[in-house]
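Engineer: I grabbed these lines from TrEMBL:
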- A:12-32: transmembrane segment (TRANSMEM)
- A:44-63: transmembrane segment (TRANSMEM)
- A:83-103: transmembrane segment (TRANSMEM)
- A:124-148: transmembrane segment (TRANSMEM)
- A:160-180: transmembrane segment (TRANSMEM)
- A:187-206: transmembrane segment (TRANSMEM)
- A:226-249: transmembrane segment (TRANSMEM)
- A:312-345: transmembrane segment (TRANSMEM)
- A:365-385: transmembrane segment (TRANSMEM)
- A:391-412: transmembrane segment (TRANSMEM)
- A:419-438: transmembrane segment (TRANSMEM)
- A:444-462: transmembrane segment (TRANSMEM)
Amino acid sequence: MNSVNSAILSPTIGWTILAIFSVIWVFLGWFWGRKAQELDEYVLAGRKVGIALGTATAMATWVTSNTTMTAPELAYRMGVWGMLGYSLGSVGLLLFAPLARRIRRLMPFGYTSGDFVRLRYGRTAWYVFLVISLVYGLGWLVSMGMAGGKLINALTGIEYLYGMSVILVICVGYTLLGGFRAVIGTDFIQAILILTGLVVIAVLAIDKIGFDQIHESVTRERPELLNLLMPAAIMFLFNNLLFGVGEIFHSNVWWSRAFAFREDVGFKAYFTAGIFWAPIPIVAGFIALAAPAMDVNVPAADMVGPLVSSEILGVTGAVLVLIMVFSALSSSLDSLLAATSILLVEDIYRRHLRPKAAPGELRSATRWTILGLGILTWIVSALQLGTLAQVLHFTGAFVASTIWPIAAGLFWRRTNPVGAVLAMALGSLAGIIAYHVIGFYVAALTGAAVSMVIVLVSTWLWPRDYDWDTLCEAHPGEESAA
Amino acid sequence: MMATEGFLSILVSIALVITAIAPVALLVMLVRDWKRGNLW
């Protein structure tokens, strides 16, 4: 199908919107980052982020292009349970709230989730964890880069390579200029844009068509979508829940925010973000359920959201969707670039190559790493290696196996390194086997279950008395001077 | 067991109200943080 002819908006409108937002984001990145000369200012916004920006950045980062585009698709395929299942992704944010408070308290000078695993469990666990974390981080980056190109192409007809390049250049540009302040500042604006756009489209759908007509049309044309006992959707629900918890518990995207928030903010910010995020897939999914009532021709399920929006609001609706999708992509891409770069700099560059590196050198290394990651993502996304996008689905087993070692390691003094290593390694292995033997919907479930049993049994059989003060590591400035 | 119109409308209405409140709450929190010098 010719994407230029099938696109909802013209390429001219698409380019205009991209240009306007590019200028705004890059200017704000420069403006907010111009005084961030210190390492902590640049990579963690000075560790003083308040509740408003904290809540918005946690929420906006978790709203990926998947939330705005896949939630309607899931509702269109799996019905009510698809909406509710996706909504359970918020459980990860809610459960991370107490962890964020404890992370900030135990590690006031920490930089990465890798720091925690190294200090808590030692080098073997650290290496296993780094492999899981970096594969996941790079997989997510590439999948977001590719999603950017594909979505911009589907919505505006702009060629995949151009759309993907534009969104990557913009995100790398403002993250490079402004560091973490640019990330969380733009995240706030992006959160407001996503939420407002969603409410406008949903309210207009209800006003124009009404619940009764939407329900009647779905009952007549797609009754299976209203089935509350749809087995595939219930399986998806549990797997999605555990996948989300694993993603958030281990990823430096969420740990770096815990380090960056003020000490009393972490719990409140993550908890509020979870409450605000939970209804988004339901509202976005509901928009898709309006498709049968509107007689919208849906050639591909993943385009149902934009198609219904443009049917309700015409060009304005399609422009709103493009802005929402662009905001969702940017808020995730910038966070990934920032969090993955500091993970590479702190855990690989500093801890393996330059242990005496001064804060200024680490700041410079972070900037080069952001640029390098952007280039790497562009190359892999340009090649459109579909298999790499599939890696992200595959990582469900890996990330879910980190849930217990992370949570138990933060709260239980007696959890030991051998148990943590075995939990991550065997949990991942069991998850992969389940992925191939049974299906994708049990990979995270199996990985988390095996990991849980190993952590519980090993903690019970071989308890260790860990000293929490070990986690309070010195700042790099003090370490390099020593 | 099928979702009734009432179930669907209550589910979506609750979700919509929270989604509509969220940006307003974020802006209120932003102003409050800014006034207290706790923005970042």
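Each residue, glycine too, has its Cβ placed from N, Cα and C.
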Engineer: Using a Cβ cut-off under 8 Å, which residues of the same chain at least 6 positions beyond either end of the transmembrane segment (A:83-103) come close to it?
Structural biologist: 58-59, 62, 67, 70-71, 74-75, 110, 116, 233-234, 236-237, 240-241, 244-249, 254-255, 257-259, 261, 266-271, 273-275, 277-282, 285-286, 406-407, 410-411
Engineer: Looking only at the recorded stretches A:12-32, A:312-345, A:365-385, A:391-412, which one has the largest tally of CB-CB distances under 8 Å to the transmembrane segment (A:124-148)?
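Structural biologist: The listed stretch sharing the most Cβ pairs with the transmembrane segment (A:124-148) is A:312-345.
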Engineer: In terms of Cβ proximity under 8 Å, which residues at least six beyond the ends of the transmembrane segment (A:160-180) contact it?
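Structural biologist: For the transmembrane segment (A:160-180), the list is 14, 18, 21-22, 25-26, 28-33, 36, 41-45, 145-146, 148-153, 186, 256, 260, 326, 329-330, 333-334, 337-338, 366-367, 370-371, 373-374, 377-378, 381-382, 384.
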Engineer: Take the transmembrane segment (A:444-462) and find every residue of the same chain, 6 or more past its ends, with a Cβ under 8 Å from one of its Cβ atoms.
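Structural biologist: Non-local partners: 238-239, 242-243, 245-246, 396-405, 408, 412, 414-416, 418-420, 422-424, 426-428, 430-431, 433-434, 438.
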Engineer: Give the one range among A:312-345, A:365-385, A:419-438 whose Cβ atoms make the most pairs under 8 Å with those of the transmembrane segment (A:391-412).
Structural biologist: A:419-438
Engineer: Counting a contact as 3 or more Cβ pairs under 8 Å, with residues at least 6 apart in sequence, do the transmembrane segment (A:365-385) and the transmembrane segment (A:419-438) touch?
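Structural biologist: When sequence-distant Cβ pairs are counted, the transmembrane segment (A:419-438) does not touch the transmembrane segment (A:365-385), since fewer than 3 lie under 8 Å.
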